[in-house]
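> Starting off with a structure, shown below.
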Amino acid sequence: MAMLSFEKKYRVRGGTLIGGDLFDFWVGPFYVGIFGVMTVFFALIGIALIAWNTALGPTWNLWQISVNPPDAKYGLGFAPLAEGGIWQWVSICATGAFVTWALREVEICRKLGIGFHVPFAFSFAIFAYVTLVVIRPVLMGSWSYGFPYGIFTHLDWVSNTGYSYGQFHYNPAHMIAITFFFTTCLALALHGGLVLSALNPDRGEPVKSPEHENTVFRDLVGYSIGTIGIHRLGLFLALSAVFFSAVCMIISGPVLAEGGSWPDWWNWWRNLPIWNP
């Protein structure tokens, strides 16, 4: 892929966190870096382990392939590879790949002299993943509470986990997370629609400026958050959705015991004096 005209001046030495100039180069448009090499290493090992697990299993059907966590009897210890140990090592490799990818993003930001908003945002995705495969299982005392790596088995795990707490939609953190997800979609749709409207005026009309964009929302709702503000708001909404998604899993089991009911948890609300004078 050809280098764009402005890219060459940004391809400079330095900005690395460790390793100095080792792997401080580009392959085509992609910056490598020592963390890029580590990401590829973890990813390849993880993929190889998944292939090995599949070879041990009953099928090569893509929809039915699954790398399952260990049985509850192993607790937080290491399980034999064929009995969940592969899942443990795949989780280690996945975590390593995600973390080193984020550190690669940090190095790119340092080279460009920009803020670290991209790796900061990506770290929330890492937190959500680690919550599911490390934090929640550790709090519940067994790796068996991790989710399986498989298309259908993962969906089954989501369904079974939800119904094991009565009705997961009553989980308060789940409510907040879903609200942020929907609000993120609304904000992005409004922002995207507004920008495209300003860039696609009637034939013969000039492209509209941010002043026009601000005026649309001042006319519509009486206030415009501004061109920078909408991106800050979008980042906040998206990260909040991911954060509360992780929280809703952390409190399901460690806080509300397994077999408990989220609908029943709300009895404190129904029993408030304002409803029962």
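Each Cβ is built from the backbone N, Cα and C atoms, and glycine gets one as well.
Computed from a predicted structure; not experimentally measured.
Quick paste of what Swiss-Prot says about this protein:
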TRANSMEM  30-52  transmembrane segment
TRANSMEM  84-106  transmembrane segment
TRANSMEM  113-135  transmembrane segment
BINDING   His154, His174  (7R,8Z)-bacteriochlorophyll b binding site
TRANSMEM  173-195  transmembrane segment
BINDING   His191, His231  Fe cation binding site
BINDING   Phe217  ubiquinone binding site
TRANSMEM  233-255  transmembrane segment
> I need to check the long-range neighbours of the transmembrane segment (173-195): which residues 6 or more away from its ends have a CB within less than 8 Å of a CB in the stretch?
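Distant Cβ neighbours of the transmembrane segment (173-195) are 213, 216-217, 230, 233-234, 237-238, 240-245, 247-248, 251.
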> Could you check which of the binding-site residues His154, His174, His191, His231 is the closest Cα neighbour of Phe217 (ubiquinone binding site)?
His191
> Using all protein chains in view, find how many other C-beta atoms are within 10 Å of the C-beta of His174 ((7R,8Z)-bacteriochlorophyll b binding site).
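So the number of other Cβ atoms within 10 Å of His174 ((7R,8Z)-bacteriochlorophyll b binding site) is 21.
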> Among His154, His191, His231, all listed as binding-site residues, which has the most CB atoms within 10 Å of its CB?
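It comes out as His191.
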> About how far apart, in whole Å, are the alpha carbons (Cα) of His174 ((7R,8Z)-bacteriochlorophyll b binding site) and His191 (Fe cation binding site)?
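Spelling it out, the Cα of His174 ((7R,8Z)-bacteriochlorophyll b binding site) and the Cα of His191 (Fe cation binding site) are 25 Å apart.
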> With every protein chain in view, what's the tally of Cβ atoms within 10 Å of the Cβ of the residue listed as 'ubiquinone binding site', excluding that atom itself?
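Step by step: centre on the Cβ of the residue listed as 'ubiquinone binding site', count other Cβ atoms within 10 Å, giving 16.
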